[in-house]
Amino acid sequence: MADQIAISVLGAGSYGSALAISLARNGHPTLLWGHDPAHVAELEHDRCNKAFLPDVPFPADLQLTADLQRAVQAAPVLLLVVPSHVFGQVLSQVKPFLRPDTRIAWATKGLEPDSGRLLQDVARDVLGETIPLAVISGPTFAKELAAGLPTAISVASTHDDFADELSHLLHCGRSFRVYTNPDFVGLQLGGAVKNVIAIGAGLSDGLGFGANARTALITRGLVEMQRLGAALGADAKTFMGMAGLGDLVLTCTDNQSRNRRFGLALGAGKAVETAMAEIGQVVEGYRNTKEVHLLAARCGVEMPICEQIFQVLYQGKNPKEAAIALLSRDKRDE
């Protein structure tokens, strides 16, 4: 495998910028694409992402562009870091410019809006069956990754050699450890469900329920994640790894998590719209909650925590009433 592999990162938000910074530091020719020319011009002028990562300058050789055709054709590996609700749209825009050797990965954590389908199914609908696909997932906050603090993630792919290639691209012995995992479905699912549970953890803390309640919610949330995974053929061990337990604990316990902060605001009595506006960035868990609800219903899987969060967000249920509904469920074996 060549030491250097060109890669284009599609999505110049906080996480896309952090991944591009890490890849460029690793010595790989890296191009960061953003959809808004004015924003990209600002990034180029400042040579940092002032909005999200103001203390981390871009490496000198990190290139930027708002030209999607240039980004797609500049590298054989594309890494999508875009919100889940525009994932299919971006793939459709990318498709006309694909190279014969293109491989596509994503760091997006979520499901298809209005259907709850896995992003792999969206990608196959748009791109067909031949292009190698991969997903990276795990406990990563953009600020810490960009700052070079120790971080570990997992990568899964439809093609083992592509998983190995991404591991080579991302892995940095000083700070960034990358595990490969054969469970393509499990890695996608873990990233979506943990966003929902993180909102629940924030709600619990916002209501003042304390550490006992938060820990119980995380633990039973993991059970719901495993239950849905089993229905979709995922490996239960995946949910005890980086993309499951790791990401779940991170986003449920640290206030860098937008989903947790969103839940905290709701628990403090703020309306959904107000809480979203205060975050000021995409809260993936809001949409993920509806998507997981749809997927669980389609699979016939019981997910009581996710269901109560859905009712709070989309049906106006009082958060305290949702907590009571969970605690008053019939007794059962663990």
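Glycine is no exception: its Cβ is also placed from the backbone N, Cα and C atoms.
Take the NADPH site that Swiss-Prot assigns to SER14, TYR15, HIS35, LYS109, ALA142, VAL282, GLU284: the candidate from ARG174, ARG258, ARG260 listed for it is ARG258. Swiss-Prot names LYS109, GLY138, THR140, ASP247, SER257, ARG258, ASN259 as sn-glycerol 3-phosphate ligands; from the candidate set LYS95, LYS194, LYS290, the record adds LYS194 to that same site. Separation of the C-alpha atoms of ASN259 (sn-glycerol 3-phosphate binding site) and VAL282 (NADPH binding site): 9 Å, rounded to the nearest whole number. Sequence-distant contacts of VAL282 (NADPH binding site), defined by Cβ-Cβ distance under 8 angstroms and a gap of at least six in the same chain, are GLY13, PRO83, ARG258. Reduced to three states, the DSSP call for LYS194 (active site, proton acceptor) is helix. THR140 (sn-glycerol 3-phosphate binding site) sits 12 Å from LYS109 (NADPH binding site), taking the C-alpha atoms as the reference points.
One residue stands out among the binding-site residues HIS35, LYS109 for having the most other Cβ atoms within 10 Å of its Cβ: LYS109. Comparing CA positions across the binding-site residues TYR15, HIS35, LYS109, ALA142, the one lying closest to LYS194 (active site, proton acceptor) turns out to be LYS109.
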